[in-house]
Ligand code: HEM
């Protein structure tokens, strides 16, 4: 009787369908967020300046007079994404194999059927389990340090803060989970089904695989660039990119003024030398006439006196 009552409640309840809808909705938002997140994050491949530009704009720096941005914007973004992440995970746990026995049954059935969609479902379960821990750590770090999204501070966190192994595992899991998840959503709710369901399914599978390759490539490349920056910046951990850029600018300005002062000094000494040379040459031109005259006068005197003396003799 009891089981009959429970069964009849189960049948009438719309709760499972609503929870499914909620899981799909949160999954859709998180999946699109991850697409954007990894694109923005990989701007580091284009250089520190590009990443700084992207992160400052996401911190709404264009609204501030100082151009500093508002870390509180990141705080609320993490709060919102973190809440969706937890809701999505809790809804997902309903479908987890909760004992070793259940797990074994699923594995055996998978081997027996070798059905690609069931295999995908298993990948979703495993990646979700890993992301539950790795994603929580990452979200907590961002939640506690919302003002530290910066090419140098992020690279320092990845290398000197030893976060790179966690990011690598999280990256692989999140790329698989997000893209397989979005593909499954399309299948489940019949999005982009078109006239020929089989054809559109194949197209979606192709798109899913390409997106996985694309996001894994830019994610790993971005992580590598962060690692290189972090290794080179090991001696200056905690220094911000903006502070570094201003310091570099100041040094460049100083060098430029020194250089221009040096050029001026060289020009001045050259002018001085030239004027001195000019003066000397002028003096030289004038002086032989003056110096020559006594000699000439003397010789003339001599010439004049000699015949007289001769005459007297
Ligand atoms: C609003 C929430 C989030 C913010 C503000 C955020 C911010 C960041 C930042 C700044 C980085 C660069 C490294 C660093 O500075 O530590 C990063 C990397 C990463 N994030 Fe997030 N994150 C958020 C949510 C998530 C979520 C929910 C996931 C997945 C569960 C995730 C997965 C990753 C991965 C895999 C990387 C490494 C990407 C790479 O360079 O290859 N993030 N995140």
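Each residue, glycine too, has its Cβ placed from N, Cα and C.
Transmembrane segment is the annotation TrEMBL gives to one range among 95-117, 164-186, and that range is 164-186. Sequence-remote contacts of a segment are chain residues at least 6 beyond its ends whose Cβ falls under 8 Å from one of its Cβ atoms, and for the transmembrane segment (207-231) they are 35, 38-39, 41-42, 44-45, 48, 151-152, 154-156, 158-160, 164, 167-168, 171-172, 175-176, 178-180, 182-183. Beyond the ends of the transmembrane segment (120-144), by six or more residues, the same chain brings 74-75, 78-79, 81-82, 85, 89, 92, 95-97, 106-107, 110, 157, 163, 166-167, 169-170, 172-174, 176-177, 180-181, 183-184 to within a C-beta distance below 8 angstroms of the stretch.
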